[in-house]
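The structure under discussion appears below in the form of structure tokens.
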Amino acid sequence: MRDIFERRDGDAAGRIGELSVPRAGTTVETPALLPVVNPHIRTIAPAELESTFGAQILITNGYILYGSDEYRERALADGLHDLFDFSGAIMTDSGSFQLSEYGEISVTNEEILRFQRDIGSDIGTPVDIPTPPEASREQTAADLETTKARLEAAETVDTGEMLVNAPVQGGTYPDLREEAAEHAYGTTLDVFPVGAVVPLMNSYRYGDMIEAILGAKRGLGADAPVHLFGAGHPMMFALAVAAGCDLFDSAAYALYARDDRYLTVAGTDHLDDLEYLPCSCPVCADHTPAELQAEDDTERERLLARHNLHVSFQELRTIKQAIKKGNLLELVERRARGHPAMVDGYRALLEAADQLERDDPVSKGSFFYLSGESARRPEVKRHHDRLSRLSVDGDRVLLSEGGDNSRFDETWRLQPPFGPFPPALSDSYPLTAELPERLDDRAYEAAAKGVRRLVDDHPETEFAVAHWGWPDAALDSLPDGVELLRLGADSDHPERDSAQSDMDGDEPKEDYPPGEDENA
């Protein structure tokens, strides 16, 4: 067991945790953002990152320092913390990005690890091989073997108290990501960055990014802190946190500012396209777009970088509050609606509902049904799985969206998207869900799946479904032999079908509207 990371709260696979960084003598609350600091271009001083934005940890490129005539000796003599005037934790990269960009670097794996140790890095990184998304499986597997060897070599380097990253590669092949993660987790290394995802984000391949993260998570233990290398845009933080990422590093705040780009949780705007600033951070409260445009290049870049950091740190606070309230997936859905590619990422996340369900709390606040995607959430899957553990009472059971009826030995409630459940569970999560009046077809289809699960588990029992006009696709998916009863008109629901007949010829109970037998 690794004792540097502790989970405090969670929702879906997202978590609020504490990462202990012994060399820095500090604990970092996660999810955390590591602003990237280029020693040659300090758009915002590290001291300001700490004092104004609350940054507890930052990242800089150890390879740039290693090759810098200006900074190498200063870093060795004074240490990173004095060099940057930063009291929090400092992570260093090894030059793997330069390797992926230029094909070679002028330092060995062991040399760069020792250099990172000697300059006082708190979390160092070996030289892994970032495989581009377009690489073949054979090339990806070969690169992965090299990365594995370098992680094993990193274990033999005396790094003192410095934590060491164990990058998880594997390209766009989730099984290779899982294999890489299992190997990395089996080492004595400490933090687990999911690497080579920047090209996926740059091309808006958020579905592939999520599959890479989920593959890596399958190979890691619950005590493994996960860093999404190169992820710095706030629009995807909630999605990545829900998939299980704890750390993010952002050069975007400065790089985008240099190009007059303005970050939001819904995407990126060019300053020239803005007539209003849709933000209340100190920069946006004190300036109009025209005033920002009137600044000289250096000051405008600095102001935009500050805004970009404010919105990024604010989003992480929003995510943490969503985790505490148990509505992280609802936040993810709202963020996903900002861009079609984010919808792809959200759908890829929900395809792994089985995986998410293992970490998702059994009880939280209200479940809000926001769209057809909500029908695929892990809470719905958990309810369907729970049906296998419930028993029915009697030979004839009614599953009803209305009330009960004397023809049946027992009546269970029926509620899309969850399906059937005994009345005793009516006040339990997630069956207290807030639902729109006009549900989409996927809610009914998910409920029908729950009915199928219950019917299949009780083959000797006769079941009937009393519904308020379910769509044909949901009804057609029910098992043969299930009696279908159409409920009648309801003054509170004028859009429902008004066909009526008494189900058994007896006077129905007061809370059960009359209906018709669709199987007659």
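Here the Cβ of each residue, glycine as well, is placed from N, Cα and C on the backbone.
Feature list (source: Swiss-Prot):
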type	residues	note
ACT_SITE	D93	active site, nucleophile
BINDING	D128, A196	substrate binding site
BINDING	C279, C281, C284	Zn(2+) binding site
COMPBIAS	489-499	compositional bias 'Basic and acidic residues'
COMPBIAS	503-520	compositional bias 'Acidic residues'
REGION	485-520	region 'Disordered'
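If you count neighbouring Cβ atoms within 10 Å for each of the binding-site residues A196, C279, C281, C284, the highest count belongs to A196. Within 8 Å of the centroid defined by the CB atoms of C279, C281, C284, the record's Zn(2+) site, lie the Cβ atoms of L277, P278, S280, P282, V283, A285, H307, H310, V311, excluding the listed residues themselves. Between D93 (active site, nucleophile) and D128 (substrate binding site), the C-alpha separation comes to 10 Å. Taking only the Cα positions, the spacing between A196 (substrate binding site) and C279 (Zn(2+) binding site) is 31 angstrom.
According to DSSP, C284 (Zn(2+) binding site) sits within a helical segment. The Cβ of D128 (substrate binding site) has S94, S96, T147, R150, L151, P167, Q169, G195 as same-chain neighbours under 8 Å, each 6 or more residues away in sequence. A 10 Å cutoff on Cβ-Cβ distances gives D93 (active site, nucleophile) a total of 27 other Cβ atoms nearby, all chains included.
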